[in-house]
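J.: Before I ask anything, let me first share the structure, which is written out below as structure tokens.
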């Protein structure tokens, strides 16, 4: 990875880089508010779009969870090439799953996992996410409801193999949890589906981090970075990062 994608967010600040990983079917835009906040407090921030995300539904249909994971790994390499030795990963939903995998490889200083799933969910639930994205995307393109309905009927239900690959990627992450020793902040929305709340609880009990904190954001659902408690989340992440840096005597 030699250059960033036009839809990526890259804000240069101090010598500490915060990698922001978004959720499935979304884009770097969902992390923009957090990136701006952390950048205002001095940190360098990079939020990449996963391959196939933030583009047309046709491109999303062609993409895979392996491509998303490649994007995350390439983002770490990009920041390292930029000269950052201290990298903290913040991931939301699927991004949180990938943050756990990166932490298990000890290539970051700390992680924040927001609404990260770790349990199995019905394939239909994952497909609904893609259907919702498709509907929203074409509404923004000013397509008529009739046009959208025809398109969705032509393209759904989706072939299940890629959705099963996504499901397995999430489930297999359970096997790396006891290898996570880095400081970790866990965030869950009080109004999120139970499977995500239980996932955060399992992650908390499974990781071997000596420095771990869990917070419930009562008034928020799944995407906390865009929900009612986002400002509180932003502050909590800032304070967590600063405490990690202080404990390791890292000066930004």
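Positions of Cβ are set from backbone N, Cα and C atoms, glycine also.
From TrEMBL, here are the annotated features:
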- 17-121: domain 'AB hydrolase-1' (DOMAIN)
- 93: active site, nucleophile (ACT_SITE)
- 192: active site, charge relay system (ACT_SITE)
- 222: active site, charge relay system (ACT_SITE)
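Show me how these features fit into the structure around them.
T.: With helix defined as DSSP H, G or I and strand as E or B, the domain 'AB hydrolase-1' (17-121) counts 47 helix, 21 strand, 37 coil.
Counting Cβ atoms from all protein chains shown, residue 192 (active site, charge relay system) has 21 others lying within 10 Å of its own Cβ. Look at residue 192 (active site, charge relay system): DSSP puts it in coil.
Counting only same-chain residues six or more apart in sequence, the Cβ atoms lying under 8 angstroms from the Cβ of residue 222 (active site, charge relay system) belong to 23, 93, 115, 189, 192, 193, 196. In three-state terms derived from DSSP, residue 222 (active site, charge relay system) belongs to neither a helical nor a strand segment and is classed as coil.
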J.: Counting across all protein chains shown, how many other Cβ atoms sit within 10 Å of the Cβ of residue 93 (active site, nucleophile)?
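T.: Around residue 93 (active site, nucleophile), other Cβ atoms within 10 Å: 27.
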